[in-house]
């Protein structure tokens, strides 16, 4: 597949024929009407991601052409109205068309083999019928294939399997057979299920109760390689797996392969409990810093509890062997080692309108209390965070009264220097941790204004605390009105004094001094009153 991608890139650069059809407004409608299933890329020529996708997309088009699944593209710099019609907001956008009206987003990876796999699944029913003549070909049709074996009159198993297939059809191929002899030949007892795969031991047989949740759990575990690879296409899947992830960092592919082989017995031992995966330290070494490893000191090993974002780095001065890593993992599983916590120092004073949270006090200030806690996860270099800062301070002031401060905490944490339980995807991220429901924080996605944030706290917080924004605004307006009035009065007084000085300058020197002194004191007094009210 890699060779074909390089070849298609060369051919494309030479301007030779492409298997990707270019569509325009007057040709797209006819194209989607003509084909029961197609994939269309909406792109811009200047887009870097589009350029990276181009050879992968071309290679996939060549492969899928044999299956009569056409791939096409639309240049949105030339067809702006057409792209707007289909709701294109970024590049590249890929959409699956089943005729003109049935359109869905492409949710697979942007690699040739992934596109081929995804579109092949889309071309098949949720569950394909498998026979003794097609079983061998079907088992190898994709990286992961599931085949169910049950009797023709077993409606319950059929319905359960079909339900699973409908939910996971974008990710896996599903087949079924009621041929008892075929089941026997495959060593399966009806009702049974086998997951065939092109890696590791080649297949996993499902042996538990035939119900939807149990099957889905089995598929998630059995379809994951014993020692996989962390990269842009797989990272989100590992984060969503619901079990810890053990990272194996190394710079060279050969070293990663050697370490994967060394630790494979451990991956097998903890299958379904811990995922093991290598990671390219040259390309993604900075991620080691997120796991509290020393970046640049490779190879390295670390475990991350993905649900709590806790990090357990293996000492980098120790060798990575099956025996030593085995002891480390065993201690991890049995809660004999504590997570590594990166934290700023605890502030000496923390009595400002916005409470400063550090990792060492996270539980105390955010979780272990009876307050509604609004927490901003920020980065010092983030422009949006800097713009929010004065508004957030004002919001904190609204809830700083003795009454409201007992109910609400407005807080912030530097997520670049403190380990926090949640995996933060962008800055600023704002979450509300309601009293009594701290395990279910609510993400804030509204406008970053004082009024909207205060309303969010009132509407979603347990205490329904209401900040009196109107009174604060009125007080500010009163002060603003008084400042020019007092300044004007002071100016008039100074003018009068100056005129008196001018009239009596020659004869009444002492009177001049007295009047000037009086004017000065008036100005000072007015200015002092203004300062006190602010």
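Even glycines carry a Cβ here, placed using N, Cα and C.
Nobody curates TrEMBL annotations by hand; they come from automatic prediction.
Some features that TrEMBL has for this protein:
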- 1-17: signal peptide (SIGNAL)
- 12-124: domain 'Thioredoxin' (DOMAIN)
- 47-50: disulfide bond (DISULFID)
- 335-462: domain 'Thioredoxin' (DOMAIN)
- 382-385: disulfide bond (DISULFID)
- 483-534: region 'Disordered' (REGION)
Checklist entry - Taking the Cβ of residue 382 (disulfide bond) as reference, which residues of that chain separated by at least 6 in sequence fall under 8 Å from it? => result 427, 428
Checklist entry - Across the domain 'Thioredoxin' (335-462), what does the pLDDT come to on average, as a whole number? => result 95
Checklist entry - Between residue 47 (disulfide bond) and residue 385 (disulfide bond), how far is it from one CA atom to the other, in Å? => result 27
Checklist entry - Counting every protein chain present, what is the number of Cβ atoms, excluding its own, within 10 Å of the Cβ of residue 50 (disulfide bond)? => result 21
Checklist entry - How big is the gap, in Å, between the Cα of residue 50 (disulfide bond) and that of residue 385 (disulfide bond), rounded to a whole number? => result 30
Checklist outcome for this item: Within 10 A of the CB of residue 385 (disulfide bond), the number of other CB atoms across every chain shown is 20
Checklist entry - What are the DSSP helix, strand and coil residue counts for the domain 'Thioredoxin' (335-462)? => result 39 helix, 24 strand, 65 coil
Item to check | the domain 'Thioredoxin' (12-124): DSSP-derived helix, strand, coil residue counts | outcome: 48 helix, 24 strand, 41 coil
Next on the checklist: Just to be sure I understand the packing, how many Cβ atoms besides its own are within 10 Å of the Cβ of residue 47 (disulfide bond)?
Outcome noted: 15
